[in-house]
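The next block holds one structure in the form of structure tokens; read it before the comments.
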Amino acid sequence: MAFAWWPCLILALLSSLAASGFPRSPFRLLGKRSLPEGVANGIEVYSTKINSKVTSRFAHNVVTMRAVNRADTAKEVSFDVELPKTAFITNFTLTIDGVTYPGNVKEKEVAKKQYEKAVSQGKTAGLVKASGRKLEKFTVSVNVAAGSKVTFELTYEELLKRHKGKYEMYLKVQPKQLVKHFEIEVDIFEPQGISMLDAEASFITNDLLGSALTKSFSGKKGHVSFKPSLDQQRSCPTCTDSLLNGDFTITYDVNRESPGNVQIVNGYFVHFFAPQGLPVVPKNVAFVIDISGSMAGRKLEQTKEALLRILEDMQEEDYLNFILFSGDVSTWKEHLVQATPENLQEARTFVKSMEDKGMTNINDGLLRGISMLNKAREEHRIPERSTSIVIMLTDGDANVGESRPEKIQENVRNAIGGKFPLYNLGFGNNLNYNFLENMALENHGFARRIYEDSDADLQLQGFYEEVANPLLTGVEMEYPENAILDLTQNTYQHFYDGSEIVVAGRLVDEDMNSFKADVKGHGATNDLTFTEEVDMKEMEKALQERDYIFGNYIERLWAYLTIEQLLEKRKNAHGEEKENLTARALDLSLKYHFVTPLTSMVVTKPEDNEDERAIADKPGEDAEATPVSPAMSYLTSYQPPQNPYYYVDGDPHFIIQIPEKDDALCFNIDEAPGTVLRLIQDAVTGLTVNGQITGDKRGSPDSKTRKTYFGKLGIANAQMDFQVEVTTEKITLWNRAVPSTFSWLDTVTVTQDGLSMMINRKNMVVSFGDGVTFVVVLHQVWKKHPVHRDFLGFYVVDSHRMSAQTHGLLGQFFQPFDFKVSDIRPGSDPTKPDATLVVKNHQLIVTRGSQKDYRKDASIGTKVVCWFVHNNGEGLIDGVHTDYIVPNLF
């Protein structure tokens, strides 16, 4: 029975030991001073290399160890590697005296009999088993003749998950003896560009940090190298044992100029999604805590310490309650309460007073917490735009009340009804972790084991930090209909800050011209739609550097993700559904050479006219390219209405187009940089638009030579408590004083009652209901241009719902007005005639000219002919232009 609880991945090398009868003892690689440098027990491990290539978060790792038997008799050599639990082994090869024995992945049941036969014959074997919190240990032993060399090579792959804002790759370094050539080489390629890269080790010294470890990144490429010399490996200047014993961790993140990134290679696509700058969605948390007798002592104290830290991180918009279970169930409050300073102080007192007692009634504890969240929603005790979660901590199995795991699972599933996630934390090893994991998975959460160490409280706090900041709920990833096959999971209950959603799939037609991905979700203040478009021809150009990366990495990433998700679904499936999931996961595991819980790695080594094999199983917890350039086409659904059309663009040129006259008027405003002008104000609808002037890089005080533009715009609706500040770098939306920040490179739609805001690269469209639509255009110039800088254009394409009281430099023209142009005559410039304009009881001299309408094309624009009114529009605008200067943007 003990074996059944031992989660192990087995690799057995089925080869007999030397006929000389040399005793089979495990190889320990412990050095002695009397032996030659780098030799232990007659074996010299002269090379250990870890080579990793990471392409778009997908890591391909090769661990190679080379050894020679310096003794005059046969010796046994062991190869130990610790690899992440989330990784899949893809190959293992053994080379003895130049002859290579390759690995082959087979269905586990096919290989099982061969393995059992080998064990019964007493042949050498190795294990891969759980090793610590994040790793599994792979071990294989082989008998090596005197003077012979052996090479072990293990390959594994994994998708690096984003965790608290960065990707992490763990490598265990433990050579156990001095190694002549020891090195770790990691090459990272990210088409989005690398924003940070770091590497550190638990055993690092100043000497190693200064010369043995190098790390660098530039653009899309990053590199980490660790090559300690023999002397640098010594634990002391005269020692022969190695100080290289611990964790080697690489962390990095990528540039996120837009929330999503789509990559397509050979008919497969991957979509990475991680928006930034969004406000946190308020959360309602039911903490369901086990206080049974087994939690007594250090475990309960650590739980209290963690909960006290978590209370420090609660936001005032959050709601919470504590549900304690032992033989019975008790609660801190009858209902969820808001995390006000007063309530949090009372909660701290309650947490400190928790005492252990009695049995373990998991069923009733969970159902009480779930019921509390459901009632809070039904009785409108919590904000409408908030999200609920259940966090349960237990250290044992249910032993009172309903104790059947399958029945508890059913009760919890029915009570939650798919409305919110359940996160289960298993404290220690004396519990049914599979039960906790399965229950969490089928309720859109996950399970974590909390290890009984001195840092258990930090483990608990670390988990909470992962789910503390939901930015979106109800996330749906949508792709072209009938254009994709074999899509991985594309709906998620939450997107948490610092994480990333990854979706992959296969294209029906590889010859598509473009590919579009939409992501919809509910934010803290409004609903959002993010759009990512990829031009396939541009994508093809972007892959010209693909020799830098390994193989069809997107196809393998898709296979990895698909297998991982099929295996998760399989845990809670039954009957025919489970058989189908198993068959699909097995087929993919065999096709892509992954060692999963359904397959085994077999290494064939002919010996004594027999096929000798090595078998590896996968345990569970309980047992170079250029950036993608999406198409920048403007949302053409916004066409100019037949109504008058108004805009300001350029230096700054105000243009009033009057369709009835088949003509247009225009004027400039010359003011100093920093001046804020009132463009639109409507007291009835509550709409206001202001613009701040920015100057060119020369900073000339002479208005005749100075170029000025609008560098910042403020759009506000007082009735909706809505504000949006638009600059050339970003767009910040305040909805009821809660900010959301977007980049101009985002493709996103924000919707709520009476409001729609769409950002599509160089354009932003804001609509207030049916009848008010503004467009903001971003003009970008070469960053190193000696004079010009980026600026904004503002266009009113629909204003028929604005009131008759609307005013401002543009707003005053929203109501019908008449003008007459006469006496057209040659001007000072032969190409620009003058004329007489009669408007608003003024007779003005105007000049024929032309401006550009950039609403559809920010680069080229469309020519617009207009009559230019001189002197800051004097006579055309009401009053003088200085009447429209306001103190600030809002």
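Residue 1 is the first one shown; counting continues down the chain.
Glycine is no exception: its Cβ is also placed from the backbone N, Cα and C atoms.
Look at Swiss-Prot and you will find 1-20 tagged as signal peptide.
Annotation comment: Swiss-Prot describes 29-158 as domain 'VIT'. Per-residue pLDDT, averaged along the domain 'VIT' (29-158), amounts to 77 for this model.
Residues or ranges marked as N-linked glycosylation site by Swiss-Prot: Asn91 (among others). Counted within 10 Å of its Cβ, the other Cβ atoms near Asn91 (N-linked glycosylation site) come to 18, all protein chains included.
Per Swiss-Prot, the feature domain 'VWFA' maps to 284-467; the stated evidence is sequence analysis.
There are 14 other CB atoms within 10 A of the CB of Asn580 (N-linked glycosylation site), with all protein chains counted. The N-linked glycosylation site feature in Swiss-Prot is assigned to Asn580 (among others).
According to DSSP, Asp651 (aspartate 1-(chondroitin 4-sulfate)-ester) sits in a coil region rather than a helix or strand. Within the same chain, residues at least 6 positions away in sequence whose Cβ sits under 8 Å from that of Asp651 (aspartate 1-(chondroitin 4-sulfate)-ester) are Asn668, Lys707, Thr708, Tyr709. Annotation source Swiss-Prot lists aspartate 1-(chondroitin 4-sulfate)-ester at Asp651.
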Asn91 (N-linked glycosylation site) to Asn580 (N-linked glycosylation site) - Cα separation in whole Å: 26
If you run the three-state DSSP split on Asn91 (N-linked glycosylation site), which class comes out? strand
